[in-house]
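Look at Swiss-Prot and you will find Trp259, Gly260, Ala261, Glu262, Glu263, Arg264, Lys265 tagged as beta-D-galactoside binding site, backed by similarity to another entry. Annotation comment: Swiss-Prot describes 19-150 as domain 'Galectin 1', evidence class sequence analysis. Sequence annotations record features per position, and here Swiss-Prot assigns domain 'Galectin 2' to 198-326 based on sequence analysis.
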Amino acid sequence: MAYVPAPGYQPTYNPTLPYKRPIPGGLSVGMSVYIQGMAKENMRRFHVNFAVGQDDGADVAFHFNPRFDGWDKVVFNTMQSGQWGKEEKKKSMPFQKGKHFELVFMVMPEHYKVVVNGNSFYEYGHRLPVQMVTHLQVDGDLELQSINFLGGQPAAAPYPGAMTIPAYPAGSPGYNPPQMNTLPVMTGPPVFNPRVPYVGALQGGLTVRRTIIIKGYVLPTARNFVINFKVGSSGDIALHLNPRIGDSVVRNSFMNGSWGAEERKVAYNPFGPGQFFDLSIRCGMDRFKVFANGQHLFDFSHRFQAFQMVDTLEINGDITLSYVQI
């Protein structure tokens, strides 16, 4: 089952290195790029380039380059017409060998804001106009779990990985491009690094195709966490999602003061201690469809039929959150 993301949310899962792909719709102020991965045990360096074009030797508007070389540091620079500019350096290393990380680039009007594992790390002033950037390049001593472009527009023409995960590229036999009226939708503004417990209002209630995106980190000592789709006025819970670390992913509903029958069967549990996750929950006509890290996790048939009354999202437990969009 192919994962089809909502417009404005462009993920690629488990991409191979070197990663060299277009940025959907091009880079613009207000966009964010999320990179989740793991630094290799023998890591010496890696880089992320915001490039002006796809060719080798293309200008690089922003070069981000962590280096483990005895003087652990991160180097920042810009390349124009084959010449590197003046380096900026920060003698601090936010990455740990053998550890998972989340690296976020937020495109601000005056600079790129770099956030690592939820902590602000650096601001790099624009030397080239943001609108010139067309491609993202990543390579080096790391493993990639996912790359997400948030807030941009879909590319005018499809390319492999643009609207589906790599296992279902747009050019695959039997692939039918989704129609706009069948695409999932996100209606609320994104919230960055919200505190846990989190409570968010689902303005207008749940509707068919509405998709909720939750990106977070499972704490190393985690036991479980909870996501509830709730009716604020009655306390009914249309979907209670309870990942239990090292066990299973429990689903249930709470109606008229009573819990229903638990559902526990999943092919795999994607929530491990010390790992990042990317969760997509889509409301359908007769069920919720849930994807984790781009892979179908489970369906949950509606027990609470008046799902349009669901107006509250609750998240609590042994996690931190980096991004929620409802």
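In case you wondered, yes, glycine gets a Cβ from its N, Cα and C as well.
Not measured: the values here are computed from a predicted model.
Annotated features, which come from Swiss-Prot, shown on the structure.
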residue	record	Cβ within 10 Å
Trp259	beta-D-galactoside binding site	11
Gly260	beta-D-galactoside binding site	14
Ala261	beta-D-galactoside binding site	8
Glu262	beta-D-galactoside binding site	12
Glu263	beta-D-galactoside binding site	16
Arg264	beta-D-galactoside binding site	13
Lys265	beta-D-galactoside binding site	8
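For the recorded site, Glu263 (beta-D-galactoside binding site), the DSSP three-state label reads strand. Broken down with DSSP, the domain 'Galectin 1' (19-150) shows 3 helix, 78 strand, 51 coil.
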